[in-house]
Each structure stands twice: as C-alpha cells, then as structure tokens.
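Feature annotation from TrEMBL assigns domain 'G-protein coupled receptors family 2 profile 1' to 14-99. What TrEMBL lists as domain 'G-protein coupled receptors family 2 profile 2' is 118-378. If you look up TrEMBL, you'll see 123-143, 163-185, 205-228, 240-262, 274-296, 317-342, 354-376 marked as transmembrane segment.
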Amino acid sequence: MDNFSQPLIYNSVDCTSVLSPASKHNDASQYFCDPVHDGLLCWPATPPGRKIAQPCPPLQGFNDKMFVFRKCSISGIWEDFNNSLVVEKTNYESCILTDKPTLQEYGKDYINDLQNVIRKSSILGISFILLSLIALCISFWLYKCKLPKYINDILRVKIHKHLFAAVMLELIIKLIFQISIFLTISRSFLATVQKPVVCEFLTAFHQYADISILMWIVIDSHFIYMTAKSGFLCISGYKAYVIAGWGLPVLPTLLWTITLILNHKVTCWNGHMHLASIWIVHVPKILCFVSIIVLISLSSWRHYQRVSQRLLQESKIINNLTTTGILLSLMLLSFLVVIIPTYLRLNTLESKTIVQYLATTFTSSKGIFVAILCNYSNIKDFVKSESANNDIEI
C-alpha cells in the first residue's frame, strides 16, 4: 500500500491540474486509474492492483491522525468499498471520531452474541411480515369474494382497502430488508448484499409507504368526523381522499431523498436515521399523529353533542372511534420503538436486544392488527344488518 500526501483541494479542476503532470506514467501496457477528486481529497493516477492511502482531512468530526484509502482494481478502475462510510469510492471509515467503542473493542464473544440477536430478530421479523401479508390478502379476498357489493361501495371500506395496500407495500419492502439482513449475517457480519441504487430506492420508498399508512388513518379519522358531524354516512370525497393518501406523502419523501443524494454520499445511505435530515419525513408523521388525535377528539365531542340533544342514537360511531383509537395507539408505539432508540445510548447487549425485538415485533406485525381492527369494524356491521333482515323476514 502506498502513502500519498497532498494538500486539500476543494475544486476538482485544480485537483486534476495539480496531479496530472506528476502522475504521468510511461508504461502504456498498464491501464492506470485516472487521477480524481472525491469531493474532499485529490488522488493521483494509480497502477492497477494498488491500494493507496493518505491522512484523513482535518475536518470537524475527523481524526487527521488516521488514514483514508482508495484502491485501483486490476482492470484499472477505482474499486468500491462495502464499508459504512464511502464517498465516491474512497473509504473514510477510519476517519470518523466516535465516543463509542468499536465492535472489535467489544470482543469476539460480544460480536457473536450480537450476530445471534440480529439473526433471531430477522427470523422473527420475516415470520410476522409473512403472517401480516397473509392476513391482508385474506382481507382483500373477503371483500372481493364474500361480502356483497354494497359493502364494498361504502366509502370507509374503500379507505380501508387503500390502507391495506399501503401497509402491504411497506411490509414487502421490509421483508426484502429482513431477508437481506439475514443473508448478510449468515455470510459475513455487516457486509452489504445489495446494490446501492436498489437499497437507496427501497429506503426512500419505505419512508413513502410509512407516511402513506398514517395519511390513510388520518383520512379514516376525517371520515368518522364528518359522519359524527352530519349524523349520516359520508359518501363523497373519494377522489380527494385518494389524491391526499397517495399524493401528499410524495412531497416530503422526494425532498428527503434529494437531500440525501446531495449531502449523504454514503453506500446505501447507512446512518441516515442519525442525520438531522430524517426529520423531513418524521415531521409529517408526527403531524399525522396529531391530526388523528384532533379528529378523534372532535368526533367524540360532536357525537356526544348529538346524542345528548337526542339527535342521534348510540351508533357504530363509538365502535369506529374505538377501533381507530386502538389503531392509533399501535401505530404510535411502532413509531416510537424505532425513533427513540436512535437518540438513546444503549451500551448493554440486553438493552439492545429488548429494543431490537420490540421494534421488529411492532413494525412487522402491523398488517395483522390493521387487518383485524378494520375487518372487525366493517364486517360486524354487515353481520348485524344481515341478522336484522332475517328477523324481519321471520
């Protein structure tokens, strides 16, 4: 491995002009890697099969006593690294200052135990995701094949179908990630098996699906509010709901994705949960939770007013509010078990294990409780109406 010392040059044109004269080679039979500027440092033309290093740049958060690496492949092309901090094919992993011990400092036993926890968590997650997908598929089958058309034409049932679709999208993406993690642990610890473009697309789409789920619960809460306000089932606004449920989440997701593309040039966007930019997608989620709570509260107040004034009998609105409230609580727990550990210092394996299992269980079983709650709310009314019709016929 060669050491190369070069002052920081922040302009790629200046970098090429400085390095090119000193980097010319006479052996035309070799395909040298071209001189390049990676955004932080200049790298000279390098013979194939060579790995070169230079001191880390003296930037905030970097240890300038360590070295940064770059490798020229046998074919004369700069190679990619599979580390967590790679910028334009340069490995800056060893440059990062951290107050946390590295995996090597924890010891081999700790690493093996952590691998086992992640492996078991992946198996648990895959199992719950498959059960969730089966539950959602059964739900679609019930509405399509077993329930009459007038049930499927109810606006709230249509809303729930879109909610099922959003949950299925998120679970499919999560299933891909869980399988990838399991295969990664089975081969070599913390090595990626995904193409950067693919995993970055899936990461962005996962955030989109996550926001869409909450948006459809907001829409469901708005439907309940309009019903409680008027005393009648709302039958209009379906197109507006579709645009809001699937269209609005695009905006924060797109903004977040562009931010990461421009400012977080790391393989598969590793570590994105610890960046301030994650709040671009977290804030809309929090706003959705607040909106759901407000709409449920207003619906309860409106319903109480109408019942107290004897304008409305005790109806299924209470059941709808109950199911939506339970759904809100479970979704909020799923959100908290993911976001809170990001900002907590978990130093013991026991605490990491508990958080890992909780997060996996809540996020992977989301489809099960969505299917149960929504189907209970919708099918219960159908069974009641059928029983009432049978009593009348008798």
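Cβ atoms here come from the backbone N, Cα and C positions, even for glycine.
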Problem - Tertiary contacts of the transmembrane segment (240-262) (same chain, 6+ residues out, Cβ under 8 Å) - result: 155, 159, 162, 166, 200, 204-205, 207-208, 211-212, 215-216, 219, 223, 269, 272, 275, 277-278, 280-281, 283-284
Completion exercise
The answer for the transmembrane segment (123-143), taking Cβ pairs under 8 Å and residues 6+ beyond its ends, is 151-152, 157, 161, 164, 167-168, 171-172, 174-175, 178-179, 182, 357, 360-361, 363-368, 370-372, 374-375, 379
Problem - Maximum Cβ pairs under 8 Å to the transmembrane segment (274-296) - stretch from the list 163-185, 205-228, 317-342, 354-376 - result: 205-228
Practice task
Quick one: average pLDDT across the domain 'G-protein coupled receptors family 2 profile 1' (14-99), no decimals.
Solution key: 69
